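> Take a look at what TrEMBL says about it:
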type: DOMAIN; residues: 37-325; note: domain 'G-protein coupled receptors family 1 profile'
type: TRANSMEM; residues: 20-46; note: transmembrane segment
type: TRANSMEM; residues: 58-82; note: transmembrane segment
type: TRANSMEM; residues: 102-120; note: transmembrane segment
type: TRANSMEM; residues: 141-161; note: transmembrane segment
type: TRANSMEM; residues: 202-226; note: transmembrane segment
type: TRANSMEM; residues: 266-289; note: transmembrane segment
type: TRANSMEM; residues: 309-328; note: transmembrane segment
Amino acid sequence: MGQVESMNDLSDDLLNTLRVALVFPVNITFTLLGLVANILNMVVLARLGVTNSMSVGVFSLSFTDFLVSFLQLLMYVFYVLGRAFPDYEVDLAAVASFGVGWLRYVCFFISSWITTFISLEKCVCVVQPFKVRQIFTKHRCLVAVLLIYLIHISFIAPIYAVQKLEWASMLQGNESSPSARRVFTFVYSESFVALETIINNIYAVGLAVTSQWLLILCTVWMTFSLKASSRIRHRKDYYTLVSGQRKFFESSASSLSSRERKLIRVALGLGIVLTLSNIPRYAVVAAYYGIAGMSQGAYKNLSDFMWDITDFFSIINCSSNFLVYWMLNINFRKTFRCMFFDYK
């Protein structure tokens with residue numbers, strides 16, 4: 001029995017050491033990079049002007065990713081302060097995970113759905129190029145973004161209504177001379193566990209999987225449409241040529257233009273990044289179902305470590321859009337260089 005307890009203590013110590021020495025510094029570094037990247041995105045996009053539906057969607061995505069990065073950094077500030085002042089009467093780690101963590105969680109899923117909405121518009125641009133301006137207007141895009149925010153907030157609001165931070169007695173000291181003190185912290189309740197299970201099923205899994213599959217379907221549809229239009233375009237070009245050039249143009253009849261290939265690569269990149277950022281999240285949710293007691297607060301160190309890994313991929317997802325805009329949008333590159341490097 002004593003050997004099992006010592007092994008558990010060793011595992012907890014190892015997880016704590018990994019979090020403090022490795023996970024926290026890496027995550028904080030990428031969070032700061034994400035903050036800077038999204039601030040630059042918003043500044044450049046505002047300079048370009050929010051004049052159509054696509055610019056509204058892209059600016060909304062940058063703003064939401066900024067919120068994710070900011071809330072993530074705020075969580076780490078609370079964690080660091082909690083470790084620096086362990087005897088403080090407010091459990092700062094609980095404030096971080098409950099008070100800030102759920103909001104960050106919501107903003108990440110809002111970001112995923114805005115990404116899906118942007119991909120849907122890109123798909124319609126390819127499939128129905130003459131109708132896209134009538135379907136996706138600036139006003140409709142703004143309404144869609146506001147609805148995405150409203151729906152996600154309505155899913156998470158019951159969490160704060162059912163469960164709150166409260167004063168509780170916590171034991172400290174060693175087994176021979178334990179002592180209790182009052183701490184303002186988060187205490188698991190049956191109603192919270194039941195509600196969290198429902199939200200994980202419908203919100204964290206159902207809505208997340210739906211947005212991801214919609215993104216994949218839009219990407220596949222757009223890719224096939226681009227290839228089909230490319231074949232038609234090259235076939236028309238072929239009929240204008242003499243027979244002596246037949247072999248060369250048959251070999252390139254299905255090739256895509258550089259702009260089309262870049263559009264597909266960017267769309268695939270968005271889908272891959274979003275998928276990779278969601279896989280660890282699904283693993284954590286599965287662990288909550290598969291490991292008895294984890295949803296009630298057991299194995300807290302393991303749970304925190306798994307969420308740290310998930311947070312890392314979420315940060316990468318919310319920080320990578322700057323590279324996407326830089327690769328795809330020539331005006332974004334030119335405006336950025338003019339604003340920050342006086343490039344003419």
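Cβ atoms here come from the backbone N, Cα and C positions, even for glycine.
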> Between the stretches 102-120, 141-161, 202-226, which wins on the count of C-beta pairs under 8 angstroms to the transmembrane segment (309-328)?
102-120
> Could you check if the transmembrane segment (102-120) is in contact with the transmembrane segment (20-46), meaning 3+ Cβ pairs under 8 Å among residue pairs at least 6 apart in sequence?
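Taking Cβ pairs at least 6 residues apart, the transmembrane segment (20-46) and the transmembrane segment (102-120) are not in contact, as fewer than 3 fall under 8 Å.
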> Who are the long-range neighbours of the transmembrane segment (20-46) in its own chain, taking Cβ under 8 Å and residues 6 or more past its ends?
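Tertiary neighbours of the transmembrane segment (20-46) are 55, 58-59, 62-63, 65-66, 68-70, 72-73, 76, 79-80, 83, 305, 308-309, 311-312, 315-316, 318-319, 321-322, 325, 332, 335-336, 339.
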> Count, for each of 58-82, 141-161, 202-226, the Cβ pairs lying under 8 Å from the transmembrane segment (266-289), and report the range with the highest count.
202-226
> Near the transmembrane segment (202-226), which same-chain residues lie under 8 Å Cβ to Cβ, leaving out any that are not at least 6 residues past its ends?
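Apart from its flanks, the transmembrane segment (202-226) reaches 105, 109, 112-113, 115-116, 119-120, 122-123, 126-127, 152, 155-156, 256, 260, 263-264, 267-268, 270-271, 274-275, 278, 281-282, 285.
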> Give the mean pLDDT for the domain 'G-protein coupled receptors family 1 profile' (37-325) on the 0 to 100 scale.
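Across the domain 'G-protein coupled receptors family 1 profile' (37-325), the average pLDDT comes out at 79.
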